[in-house]
Amino acid sequence: MSSGVVSGGGGTTSIVWFRRDLRIEDNPALAAGVRAGTVVPLFIWAPEEEGHYYPGRVSRWWLKQSLAHLDSSLKSLGTSLITKRSTDSVSSLIDVVKSTGATHLFFNHLYDPLSLVRDRRAKEILTDQGIIVRSFNADLLYEPWDVNDDHGHPFTTFTEFWNKCLNMPYDPAAPTLPPKRIISGDVSQCSSDKLIFENETEKGSNALLARAWSPGWSNADKALTAFISGPLIEYSVNHRKADSATTSFLSPHLHFGEVSVRKVFHLLRIKQILWANEGNTTGEESVNLFLKSIGLREYSRYISFNYPYTHEKPLLGHLKFFPWVVDENYFKAWRLGRTGYPLVDAGMRELWATGWLHDRIRVVVSSFFVKVLQLPWRWGMKYFWDTLLDADLESDALGWQYISGTLPDARALDRIDNPQFEGYRFDPDGEYVRRWLPELARLPTEWVHHPWNAPEPVLQAAGVELGMNYPLPIVEIDSAKDRLQQSVAEMWQLEAASRAAIENGTEEGLGDSSDSAPIAFPQDIMDVDHEPARNDTTSIPRRHQDQMVPSMTSSFLKVSDESSSEHRESAENSRQEVPQEPLRETLNQGSPHAFRQNNSPPQFNINMGLHNFEDVAESSSISRSSKDGGVVPIWCPSSSSSSEQFVVEENDTESSSSYLQRHPQSNELIDWRRLSQARTKKLGDRAS
DNA sequence: GCGGCATTAAT
DNA sequence: TTAATGCCG
């Protein structure tokens, strides 16, 4: 083992607390533990801490495999993973500290709201007990607090943020190699709990997953290499097709930290320089495009850190006044893939059956959800959370907020994308629809994305009976447009009224807290009986509040019980209708050409011209001195949800200014509110 | 070379 | 819808 940089090895035992950094390679917390002496690698399974965001079935399956993989790697290096079942991570940490005699705790940063709170607590409490706690950046190219505009404020649009990232004065830290050997700490007094990640029924449902996916850090590394040396070069050309085979397969790996994003970045850059030199513009474009999807992942963490309520509240406050349609039948039809819009339905069936969805299709189905059905976006987000293999709170929150028009740079709120046209754009030959909607399989391409227009003889010949074996559109696009216009107008009126009320001092705080009564979360919807969705839109109950999940920090509800049982049942239903996952058969591991399915990197990545950065090569030699090891991103929720304190603790001598001092208004709604008002004016002008 | 028209894609 | 790009006369 290496000589102990921190304290001379030998006597020092460190706990390395693994969370979503399930890799050996380029893992700063692990490296710190190895440097310090003997190591106790630890994983704590405390899903109840996640509240509503108890991981979904397929996500838990992945986690299980990934941990097994990690454990076997650790064993080959000389130690093994201690696992604890817990409802309180911090007490479990204390237990492990006591039973192992550890003096150090190392972990890598997470940026979701819950982890920010929990990690702060962990750090405080363990530090109080005399433990040396250090934490590191293993998840991002740059820490959120390092990327600011000229005034030192956080960016509020992606493009600005990403341009800044690409033009930082120092490179992301270079990835490091795995340790050669790990000396195990004394765990004779510290037993592992057996962790249960799936029940028997779920096991059955998960059985096929292993044929398509190989969780675990070294498999992630293989997937990365395979992608970069294969489909990457054509990524810009192919990434748009719903059925294309050229996405990276990396997003679940990235979610669990099986692969280092900094390694991805560095490998991409090598290709970029190579292709730039060769004058391969397609390749260059592809790298930029793919890098951008990495950037969106970064941005999701950045946003979550700076505005740690993004998973439950719209960033632009006016969306609170949007009159969401609370209709359980709509929601159900969407989940079942029975909306009558083939591209949407195909996507939802695929999600159901596989836990996977091409990011283009994610945009299609979520946009349909929000704009056509006008269902509360957080229901959709929650469903994604429950069903996606790569469910990721930060990325999904960003994606849904983008779709819902609640970001300053989101697409226009009142714009509806027509699934029919999107169908011909993303699935021009109808292959995707035919694969997932066997009832439409015999329909000619001409009609496959709008069967409701097809002549009766064509339908008959294809065996399609609209309203019987395939539904008519649940909502007409034209009426959806009308309804959306009305809703948006209503939203602005309410927002203006609220603002006036605040200015008059007649009402307070209507603006930004969770004052509005919540639209209950799906659990009261998930188990509704199987009623066909109605086409009539006149009697839909509406509520004038943003939907609101009970605070994550206060709730130990296991929503996923209902949702997963419903999901299972539905999946079973659908298996009769859906062809038996042809993709699994074709997904031979290791063969890039077998990648039938689109594993896009983090969700919602979309093409965008980035700056070429030829200067990247020169700047690559600059490395930055890490301020890791002391900084913990921290969020303290207060009783009022609108006034979260947001403090970064800095043990580091390098900087004495807290995050709050540097960004005094970063955690208030001020910025967004201002943006919201600017937008009010703009949209108001346009409307009049 | 330039204006007009079509195409594309948007975080 | 709009802005940017590309093609063609």
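Heads up, the Cβ atoms here are built off N, Cα and C, so glycines get one too.
In the three-state DSSP assignment, the secondary structure recorded for A:Phe290 (FAD binding site) is helix. There are 27 other CB atoms within 10 A of the CB of A:Phe290 (FAD binding site), with all protein chains counted. Residues or ranges marked as FAD binding site by TrEMBL: A:Tyr235, A:Thr247, A:Ser248, A:Phe249, A:Leu250, A:Ser251, A:Phe290, A:Asp390, A:Ala391, A:Asp392.
Annotated compositional bias 'Basic and acidic residues' per TrEMBL: A:559-575, in sequence order.
For A:12-141, the entry in TrEMBL reads domain 'Photolyase/cryptochrome alpha/beta'.
As annotated by TrEMBL, region 'Disordered' applies to A:530-607 (among others).
Residues annotated as region 'Disordered' in TrEMBL: A:635-673 (among others).
Sequence annotations record features per position, and here TrEMBL assigns site 'Electron transfer via tryptophanyl radical' to A:Trp324 (among others). In the three-state DSSP scheme, A:Trp324 (site 'Electron transfer via tryptophanyl radical') is classed as strand.
Annotation source TrEMBL lists site 'Electron transfer via tryptophanyl radical' at A:Trp377 (among others). Counting every protein chain shown, the Cβ of A:Trp377 (site 'Electron transfer via tryptophanyl radical') has 25 other Cβ atoms within 10 Å.
According to its DSSP assignment, A:Trp400 (site 'Electron transfer via tryptophanyl radical') is helical. Over all protein chains present, the Cβ of A:Trp400 (site 'Electron transfer via tryptophanyl radical') has 27 other Cβ atoms lying within 10 Å. Residues or ranges marked as site 'Electron transfer via tryptophanyl radical' by TrEMBL: A:Trp400 (among others).
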**Asked** When the Cα-Cα distance from A:Phe290 (FAD binding site) is computed for each of the recorded sites A:Trp324, A:Trp377, A:Trp400, which gives the smallest value?
**Response** A:Trp400
**Item:** Entries of A:Tyr235, A:Ser248, A:Leu250, A:Trp324, A:Ala391 which, being recorded positions, have CA atoms within 10 angstroms of A:Trp400 (site 'Electron transfer via tryptophanyl radical')
**Value:** none
**Request:** Enter the number of other CB atoms within 10 angstroms of the CB of A:Trp324 (site 'Electron transfer via tryptophanyl radical').
**Result:** 24
**Request:** Measure between the Cα atoms of every pair in A:Tyr235, A:Thr247, A:Ser248, A:Phe249, A:Leu250, A:Ser251, A:Phe290, A:Asp390, A:Ala391, A:Asp392, the residues the record assigns to FAD, and report the largest value in Å, rounded to a whole number.
**Result:** 23
**Request:** Quick one: pull the CA-CA distance for A:Leu250 (FAD binding site) versus A:Trp377 (site 'Electron transfer via tryptophanyl radical'), whole Å only.
**Result:** 25
**Message:** Using DSSP and collapsing to three states, where does A:Trp377 (site 'Electron transfer via tryptophanyl radical') fall: helix, strand or coil?
**Reply:** helix
**Asked** Can you tell me the three-state DSSP label for A:Tyr235 (FAD binding site)?
**Response** helix
**Complete:** Same chain, |i - j| six or more, Cβ under 8 Å of A:Ala391 (FAD binding site); the result in sequence order is A:Pro55, A:Gly56, A:Ser59, A:His255, A:Phe384, A:Trp385
